[in-house]
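Visitor: Pasting in a structure now, in structure tokens, and then I'll have a few things to ask.
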């Protein structure tokens, strides 16, 4: 009687012993307060003071035009010493202002400042619009003038008169690339004025080229691919199809291999070099019934250039991680909203345009030095 038996080491006994020990452990380590309970329920990294202070990195990088322009201006300055003879003086840009458009006046002021800071002479000539043609012809024949820029529009609502003035500027001094020869070459993907020698480069319109340079800076262009194909695989929407900016830009991007949707109030056009970019130059196809709702979700890059304050790109249609660039004088993107969607946002392009203007002037002077 009263004999203590040794507990048998069976699987069942071991299991009950484990449960007994577990109940003791959980009872003794049970938190005593509500705060302790809440702390125990939080993810482990929130209880670590070194990790709790860290915030998730912002997904959108804002790139200012200044940052892009600095590299271009450095290249321009480096090219100046060998550009003209020692006694030739500074390269001179003659600028004609024949309107009171505030945007044109501001552009002229920026151009003057950038020219003078980078070793160029800037000669602003304010003229009446009725005297503009004769003033341009005089500058065409002035050996001291290396390049000519005209601030448009001169006759708002009358594109043909503005076009006539564009053709008045000498091919050799057309720093904006707006005369017929330069535009023909751009649309036909011809990069030189003198094939097959290919020593004189054709001039491209300043704002479209500025956006191309911005895309190169952002590494949207793929340097592994052959020159002229480096946007292959990219889908880009350009919201503007003006003859000065939007349409030339769509052509440039498509000629470099991109699939480009060009959007304006009349609808959507597709600019492309075809499947496998086999065509030598872009083709244009109407996309009947298409709108922003169809093209924005497809686009790696969205470029806004609508010249009215009321227009805003519908951010809810922009794909996550898209690159968004604004070249309008108005904000086509809502700043806080676009930063929640885009991976890169460029809010303006104006200073890059002026850097490209000087780059084009350097090319004109280099072209003039090439013997025919």
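Numbers run from 1 along the shown chain.
Cβ coordinates are placed from backbone N, Cα and C, and glycine is handled just like the others.
Look at TrEMBL and you will find 65-176 tagged as domain 'Tetrahydrofolate dehydrogenase/cyclohydrolase catalytic'. Taken from TrEMBL, the feature domain 'Tetrahydrofolate dehydrogenase/cyclohydrolase NAD(P)-binding' covers 205-266.
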Visitor: Provide the three-state DSSP residue tally for the domain 'Tetrahydrofolate dehydrogenase/cyclohydrolase catalytic' (65-176): helix first, then strand, then coil.
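Guide: Taking each residue of the domain 'Tetrahydrofolate dehydrogenase/cyclohydrolase catalytic' (65-176) in turn, the totals are 56 helix, 17 strand, 39 coil.
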Visitor: Counting each residue once, how many in the domain 'Tetrahydrofolate dehydrogenase/cyclohydrolase NAD(P)-binding' (205-266) are helix, strand and coil under DSSP?
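Guide: Reading the DSSP string over the domain 'Tetrahydrofolate dehydrogenase/cyclohydrolase NAD(P)-binding' (205-266) gives 22 helix, 11 strand, 29 coil.
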Visitor: Within the domain 'Tetrahydrofolate dehydrogenase/cyclohydrolase catalytic' (65-176), what mean pLDDT does the predicted structure show?
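Guide: Taking every residue in the domain 'Tetrahydrofolate dehydrogenase/cyclohydrolase catalytic' (65-176) and averaging pLDDT yields 92.
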